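Asks: Structure incoming, see below.
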Amino acid sequence: MGIILANGKFVDQNGQLVQKDMLIEGERIAKIADVIPDAGHTRFDLQGKLVSAGFFDVHVHFREPGFEAKETIATGAAAAVRGGFTTVACMPNTRPPIDTAEAVRFVKQKAEEAGLARVYPYGTITVRQLGKELTDFAALKEAGVFAVTDDGVGVQSSAMMKKAMQAAAELGLSVVAHCEDDDLLVPGAALHDGVVAKRHGLAGIPSESESIHVGRDILLAEQTGVHYHVCHISAKESVRLVRDGKRAGINVTTEVMPHHLLLCDEDIPETLDANWKMNPPLRSKEDREALLAGLKDGTIDIIATDHAPHTAEEKAKGLERAPFGIVGLETAFPLLYTHLVLTGELTLQELLSKMTEKPAEIFNLPYGRLQEGAIADITVIDLEKEQAIDPLTFASKGKNTPFAGWICKGWPVKTFVAGKLVYEQTDQATMTSK
Ligand SMILES: NC(=O)N[C@@H](CC(=O)O)C(=O)O
Ligand SMILES: [Zn+2]
Ligand SMILES: [Zn+2]
């Protein structure tokens with residue numbers, strides 16, 4: 001017996017919303033047609049809600065092993081499916097870091113036990129993320145990683161990065177980089193080196209601490225032929241470098257986060273609440289505009305969240321001492337739909353593509369497409385439902401978001417992974433979790 005999603009709205013090739021039925025049989029989409037008869041299948045009447053391929057977030061932090069008070073793989077996966085994400089890729093900056101095949105298998109095992117979203121672990125580039133010695137990429141690949149990264153820290157040595165890219169290219173692994181040159185940092189700096197840091201008399205994080213690595217690595221990617229992906233792009237100079245790299249035919253891709261698209265340093269409240277502290281920081285208005293332009297012209301390939309949960313105690317330590325990072329999985333789509341699609345900056349088709357098809361395509365994974373025969377990873381979204389972001393309702397352990405209280409439309413209401421319903425929004429869930 002299959003599942004029928006009846007009367008859903010689908011975005012067609014021309015970007016128009018069309019009403020259709022979908023039949024899921026086993027793990028796959030069996031049929032999409034104007035009308036599919038019941039024939040004893042389980043039937044959900046979607047009443048015109050949007051049907052999308054499940055979202056794919058290539059950049060999340062699930063904190064296990066080592067920091068389970070912030071998040072576990074199970075709570076992170078629950079946050080993912082609640083946000084409409086059916087596949088996530090987990091950053092390896094855990095304790096210990098994911099730098100061996102055994103550690104990769106541990107993450108996969110925990111994800112399987114959770115049975116919610118698909119979880120792809122990254123392996124680190126260097127042993128213990130110390131930048132001194134490459135990990136065993138062949139063993140990591142064998143255990144199931146599709147890409148390596150030292151996210152959380154930058155690879156400081158150019159020679160080490162070049163060696164990593166050569167080794168990754170040989171194995172067909174992507175190199176994913178947190179771009180940050182420690183030499184250009186002032187210890188304790190928490191905000192962009194711009195007007196707001198100055199107004200508060202604080203040392204800032206300069207844009208070039210990011211863009212210098214972006215430029216260096218694009219040149220190394222050209223030399224080595226590896227697929228090189230820039231994490232959480234935030235500075236206008238980095239956007240320009242990626243654009244030029246693409247024009248030169250270099251295999252470079254990048255991601256942008258919802259917070260960098262929607263906020264800039266001038267939005268940070270005078271209290272300097274640490275829920276506005278993340279790395280890279282919220283930059284200037286001009287940077288934000290460059291990110292949006294880069295997203296529209298295809299320089300920026302995809303949207304990811306950098307879901308980075310921390311405890312309330314840690315975030316209460318004040319701007320300087322609190323850790324960098326904000327959560328993102330449960331707010332990404334409603335925020336972007338409300339503040340970029342409904343405002344006319346992006347089309348719904350563009351937004352969905354950058355959260356589904358494109359991430360799957362650049363990392364060569366078989367997801368992100370709504371078509372007969374495809375894997376039935378599906379998100380159903382209520383585009384009309386309007387509600388305020390309330391961190392107390394999050395499935396994530398992390399409540400650290402600057403978006404609390406923002407009123408958004410476009411909430412995921414049902415999520416299917418491999419044809420199995422893994423999340424269903426109920427009004428009770430919203431009301432009782434207070
Ligand atoms: N982005 C962040 O502000 N923090 C991330 C690390 C990272 O993505 O660099 C974290 O692990 O908390
Ligand atoms: Zn990072
Ligand atoms: Zn990160």
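Cβ atoms are placed via backbone N, Cα and C, with glycine included.
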Asks: From D151, D217, D265, D267, grab the residue that TrEMBL records in the same Zn(2+) 2 site as H178, H232.
Replies: D151
Asks: Determine which of H310, H339 appears in TrEMBL for the same substrate site as H61, F62, R63, N93, N279, F324, G325.
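Replies: The one candidate that TrEMBL places in that substrate site: H310.
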Asks: Say TrEMBL lists H59, H61, D151 as binding Zn(2+) 1: which of D306, D377, D382, D390 is in the same site, per that record?
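Replies: For the Zn(2+) 1 site that includes H59, H61, D151, TrEMBL also lists D306.
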Asks: Sequence order is fine: just name those binding-site residues in N93, N279, D306 with a Cα within 10 angstroms of H232 (Zn(2+) 2 binding site).
Replies: N279, D306
Asks: Could you round the CA separation between D151 (Zn(2+) 1 binding site) and G325 (substrate binding site) to a whole angstrom and send it over?
Replies: 12
Asks: Mind running the binding-site residues H61, F62, N93, H178, G325 against ligand 2 and keeping the ones whose CB falls under 6 Å of it?
Replies: H178
Asks: Max Cα-Cα distance in Å among H61, F62, R63, N93, N279, H310, F324, G325, the residues listed as binding substrate?
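Replies: Binding-site diameter by Cα atoms for substrate: 17 Å.
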Asks: Quick check: of the binding-site residues listed here (H59, H61, H178), which one has the Cα closest to that of N279 (substrate binding site)?
Replies: H178
Asks: Any idea what the Cα distance is from G325 (substrate binding site) over to H61 (Zn(2+) 1 binding site), rounded to a whole Å?
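Replies: Counting only the Cα atoms, the answer is 10 Å.
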Asks: Mind giving me a neighbour count for N279 (substrate binding site)? Other Cβ atoms within 10 Å of its Cβ, every protein chain shown.
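Replies: Excluding its own Cβ, N279 (substrate binding site) sees 18 Cβ atoms within 10 Å.
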